[in-house]
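A.B. asks: Look at TrEMBL and you will find 85-117, 172-204, 205-237, 238-270, 325-360, 361-393, 394-426, 488-520, 554-586, 641-673, 674-706, 707-739 (among others) tagged as repeat 'ANK'.
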Amino acid sequence: MIATSLLRVSCGFNFCNPHRGSLCFGKQGYGRRDVFEFLLANGASIQARDDGGLHPLHNACSFGHADVVRLLLEAGANPNTRDNWNYTPLHEAASKGKIDVCIALLQHGADPSIRNSENKIPLDLADPCTRPVLTGEYRKDELLEAARSGSEERLLELLTPLNVNCHASDGRKSTPLHLAAGYNRIRVVQILLQHGADVHAKDKGGLVPLHNACSYGHFEVTELLIKHGGNVNASDLWAFTPLHEAASKSRVEVCSLLLSEGAVPTLLNCHNKSAIDSAPTRELQEKIAYEYKGHCVLDACRQADIQRLKKNLTTETVNFVHPYSGDTPVHAVAQSVYPKRKQVLEVLIRKGALLNEKNKDFLTPLHIAADNSHYELMDVLLRHGAKVDALDGLGQTALHRCAREDNIQACRLLLSYGIDTGIVSLQGYTAAQLATENVLKILQDPPSDTVDLECQLLEAAKAGDLDTVRRIVLSSPMTVNCRDLDGRHSTPLHFAAGFNRVPVVEFLLEHGAEVHASDKGGLVPLHNACSYGHYEVTELLVKHGANVNVADLWKFTPLHEAAAKGKYEIVKLLIKHGADVTKKNRDGATPLDLVREGDQDVADLLRGNAALLDAAKKGNLARVQRLVSSDNINCRDAQGRNSTPLHLAAGYNNLEVAEYLLEHGADVNAQDKGGLIPLHNASSYGHLDIAALLIKHNTVVNATDKWGYTPLHEAAQKGRTQLCSLLLAHGADPFMKNQEGQTSLDLATAEDVKCLLQDAMVASQGTVSGAAGGTAAGTSQGGILAANSTLLSTSCSPTTETVTLPTGASMTLSVPVPQLPVRSCLSPAQGAEANVDGIVVDHDDKMPSVPSIESSVSVFLTSLQLEH
């Protein structure tokens, strides 16, 4: 064998051809499926790469070895693997014109949208012969014919994600799914749906595949399409729905199926006719109308919608049976999770509903109510004649099912109605044999006074009578989670939490009270505590694992309750423990939406970082102090410039807020999304006090943003003379350039700013040139001139002075003061008066007169309107 021979000369199964890659053992092995099968069977790696990052799959695709490609893909090769240039196997196959390989790759999940390092997708590189494969046009007519004729093998050979929804070029411009649905090709429909066929695709008449299936009465295809999301009320260009099609052709079973899935028979087509009108016989018209009303009743019962129920309920529909599930309206309401289910059940009973009917699963409404822990429905059913010993398909009573699920309350209720505990199921079990340990205790020794004890416990919990609560719970531990069956189905913990009975809450939690128990409105004890603002109780419940994001039947969370009632501390506690401020109730309202006008503190808590940023922006120090913490002091305005509170305080000249933030750890050099620090903001808007404060807290005076702008650039561009002086006094570099090569002077707009910057630049340059000139001059006349030039261009070295800002606050500033050069020594021969460029040197060898340090400080501070 070739493979065996190759292995004898190779060092191992992953021997690599230095020119191509692993799994390639010479020319005689290229593209040989049997060789690859042998190599893979003996442990060769399909993940190996060559120096260019190519996998074996790249090579096989590039050379068009379709059999080897399929073998590698079936062995687990990644169809979207990339080489060093981000080429996928599909790039290789498409660019080399390998049609079969492209199809195989697409059928195994190759992504045609991946771009290589040149930003090209496979279609961009495709050879003319592979381009149709990537556009979905390759042998499209054959694919459509395979779908129409039901040729599964041919379909699977050609089908890819790119052509599964192709449209015919002529005729009705149908998709494969249209054709398969219309011709009742069930298996083809399944294949197409599994491969992503669009159930909503429309032909040129606006028909979806469901129209075709219904028109021809294909029940199974209709079922499949609906299961995969087909719209039973889709309309074509003439406003015909699938039900119009089925009714007009007398497709009775399909009509029933559509109605059971929500089809509306009253919708009118372009001829102003409904599906009922379209039915050719009176019998079918009446059947459609009756089933529609029956399904409306079932849906109203599931939704516990009393108004809708009364609108459709008649003596005929009260016992309507769902054609496929076998559910009656009583079954439907027994499953309902909505709060008015008890009232709905009572309406049905008054109308004559049958209570002991079984559905297709052989369950009575009592079984379903027990399974869903709807104790109030169980009680109503049993009081009105429901058979307590009714059996399901396994010969089990409701007690069997509740005992197995540890549903203690339901078991107690059934026992109180005299259920036979000795009934043996078809599998040979009594309820006791299926029961959990807790239920078994009740079944073996049911207490005769349980109901009285539970009532006492509920009242004691409500009243805060800890002694009574302790006595009952310790003597009868099973009562700790009993229910107020005549009320809201509250537990003792619900009552204790709602009435702020802290000691009782503590005791109940320590003795097994269920912190997640919900009443018939879906409220847990935490809802009660939060609604009434009981902080200690809320803290206890959260500590014992209460879910802070639990929602009741109206999707109200504890945070909704606390926010709506203005319970500030509760809101703060819930948020601290992870309450989601974005959750919406059934009306689409978040907790913030429910905050009452005037409860600004609560609203701020719910707004979180946004509130702190707003307070900093508006200069509301009290709000800032209330909201700030070490976790959020440097929070960001994610919807804006990514500013911190300090950025906003600096930009809006809110000095007190800025001081507070800096004293509590705000980052003085934090950058926003443009790279600006707070000093940029203060400088740009000319806020002198803020800038001085930031400098005091060690901000970087020469910080640059993303465009190379320093605070001095900002101040100069906006004509902020005083700020330029302050920045220069504290080391701002006037020579720094932005990304466009501009200095602050280049951007300056005001003449006084230009002069200030020019002087600063001359002073900085003079320091360097003066030092060099003084050394070379000696005692010659040239030396005198050099020394005098040095005097003219003396540098400004800062001195520290305490000054008073316009706000009245004082701070230490560094002020520029002329630095005198080293005194020149003149000989007596050079003592004659000299007047060079206006500089006078007297015969006593005195240096020129310069301002004193005190005078310089005063002048500088006066220019800033600061007190010295």
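Glycine too: its Cβ is placed from the backbone N, Cα and C atoms.
Caution: TrEMBL annotation is automatic and unverified by curators.
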A.B. asks: So how many of the residues in the repeat 'ANK' (488-520) end up helix, strand or coil by DSSP?
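C.D. replies: So the counts come to 16 helix, 0 strand, 17 coil.
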A.B. asks: State the residues, same chain only, that lie 6 or more residues beyond the ends of the repeat 'ANK' (238-270) and have a CB under 8 A from a CB inside it; answer 'none' if no residue qualifies.
C.D. replies: 205-206, 208, 210-211, 213-219, 222-223, 226, 232, 276, 278-281, 284, 287-289, 291-292, 295, 322-324
A.B. asks: Would you kindly list the residues that approach the repeat 'ANK' (205-237) from elsewhere in its chain, counting only those six or more residues past its ends and only Cβ-Cβ distances under 8 Å?
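C.D. replies: For the repeat 'ANK' (205-237), the nonlocal Cβ contacts are 172, 175, 177-178, 180-182, 184-186, 189-190, 193, 199, 243, 245-246, 249, 251, 253-254, 257-258, 261-264, 267, 269.
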A.B. asks: Who are the chain neighbours of the repeat 'ANK' (361-393) in space, where the CB to CB distance is under 8 Å and they lie at least 6 residues beyond its ends?
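C.D. replies: Contacts of the repeat 'ANK' (361-393) (Cβ under 8 Å, skipping residues fewer than 6 from its ends): 326, 328, 330-331, 333-335, 337, 341-342, 345-346, 349, 355, 401-402, 405, 407, 409-410, 413-414, 417-420, 423, 483, 485, 489, 520.
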A.B. asks: For the repeat 'ANK' (641-673), what does DSSP give as the number of helix, strand and coil residues?
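C.D. replies: When I sort the residues of the repeat 'ANK' (641-673) into the three classes, I find 16 helix, 0 strand, 17 coil.
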A.B. asks: Helix, strand, coil: count each for the residues of the repeat 'ANK' (172-204), based on DSSP.
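C.D. replies: Secondary-structure composition of the repeat 'ANK' (172-204): 16 helix, 0 strand, 17 coil.
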A.B. asks: Mean pLDDT, the repeat 'ANK' (707-739)?
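C.D. replies: Taking every residue in the repeat 'ANK' (707-739) and averaging pLDDT yields 95.
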